[in-house]
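Since the structure comes first, as structure tokens, the remarks are kept for the end.
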Amino acid sequence: MDWKAVGTFQDILYHRAEGIARITINRPEVRNAFRPQTVNELMQAFQQAHLDPEIGVVILTGAGDKAFCSGGDQKVRGDDGGYHDAQGTPHLNVLDLQMQIRRLPKPVVAMVAGYAIGGGHVLHLVCDLTIAADNARFGQTGPRVGSFDAGLGAGLLARAVGLKKAKEIWFLCRQYDAQEALSMGLVNTVVPLAQLEQETLQWCHEMLQHSPTALRVLKAAFNADTDGLAGIQELAGNATALYYMTPEGQEGRNAWLEKRAPDFGKFPRRP
Ligand SMILES: CC(C)(COP(=O)(O)OP(=O)(O)OC[C@H]1O[C@@H](n2cnc3c(N)ncnc32)[C@H](O)[C@@H]1OP(=O)(O)O)[C@@H](O)C(=O)NCCC(=O)NCCSC(=O)CCC(=O)c1ccccc1C(=O)O
């Protein structure tokens, strides 16, 4: 793959090639923990991938082979309700990033080598697919380090692995290896570390062969019940976009622009 770097970031890397965007958390010295700067840059990169018509699939990964992401950077966690940015302002913006990944109308694949822990574990969870290296380790640490994600981190985990297992993961704060993660339905496949990128790209290329609209609507459908009315809004937005592409939808707009009554009678009432 002839990856091309895009943009200038401090905490992440953004590459694109052959219809795939690869977004890398680039703080290996702290096992790719995220601070507000990291989350802001991730949100910029995901927005770029969202708007880029040449991108059909997005990979989220971490730099190096020791960690995908170790969650919120505990060294900048303040006492005032969040993680401090360079100005000392507290943030909890990883929740916006989680929703942005879910609302991005293209498949997002977590490519996990090493630790996916704490908020980093939730990040892989909110991705559509997870390809794990055989050295991957998964777990939540919140109750041990004075934190919890009672939103998607709890609810989505329960949907993925079942309620009892999700409670075990959160209440005991154990770590699980890649094979255990596979057997509980937390990841899609496990491959030797040396084959991680190749395997992930293979999955991406397979998805790129398929109808982008079908993948887009399916993703919205899979998220709709978990996200409640906001999920239905996302799913329904696809219906509106498709309706705008029909002569029937266009007749309403054209009639209004032409200052005449719309003629919807010519459109069939399909059974
Ligand atoms: C990940 C480990 C298991 C890796 O262990 P190991 O390989 O032995 O490496 P270490 O020697 O421990 O670490 C190397 C180096 O990295 C630093 N580091 C590791 N993780 C972090 C981190 N999360 N923050 C800051 N720094 C980190 C470590 O200190 C070392 O550096 P030194 O200079 O040598 O000290 C292990 O490292 C580990 O267990 N890490 C901590 C995992 C953890 O507990 N993460 C935080 C969980 S809480 C969270 O993620 C918040 C989620 C959240 O953001 C959120 C949740 C709900 C609502 C809102 C929000 C929100 O928006 O904030």
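Glycine is no exception: its Cβ is also placed from the backbone N, Cα and C atoms.
Bear in mind that TrEMBL entries carry predicted annotations, made automatically and left uncurated.
Note that the coordinates shown come from a computational prediction; the quantities given were computed from them, not determined experimentally.
Residues or ranges marked as substrate binding site in TrEMBL: ARG31, 70-74, TYR83, 115-119, THR141, SER147, TYR244, LYS259. Here TrEMBL flags TYR83, TYR244 as site 'Important for catalysis'. Annotated hydrogencarbonate binding site per TrEMBL: GLN140, THR141, GLY142, in sequence order.
Sequence-distant contacts of THR141 (substrate binding site), defined as residues of its own chain at least six apart whose C-beta falls under 8 angstroms from its C-beta, comprise GLY71, ILE117, GLY118, SER147, CYS173. Geometry remark: GLN140 (hydrogencarbonate binding site) versus ASP73 (substrate binding site), CA distance 14 Å. The two recorded residues, GLY142 (hydrogencarbonate binding site) and ALA116 (substrate binding site), have Cα atoms 13 Å apart. For TYR244 (substrate binding site), the Cβ neighbour count at a 10 Å cut-off comes to 11, with all displayed protein chains included. The record gives GLN140, THR141, GLY142 for hydrogencarbonate. Within 8 Å of the mean position of their Cβ atoms, the other Cβ atoms in that chain belong to GLY71, ILE117, GLY118, HIS121, GLY139, PRO143, ARG144, VAL145, SER147, PHE148, ASP149, TRP170, CYS173. Ranking the binding-site residues GLY71, GLY118, GLY142 by other CB atoms within 10 A of the CB puts GLY142 at the bottom.
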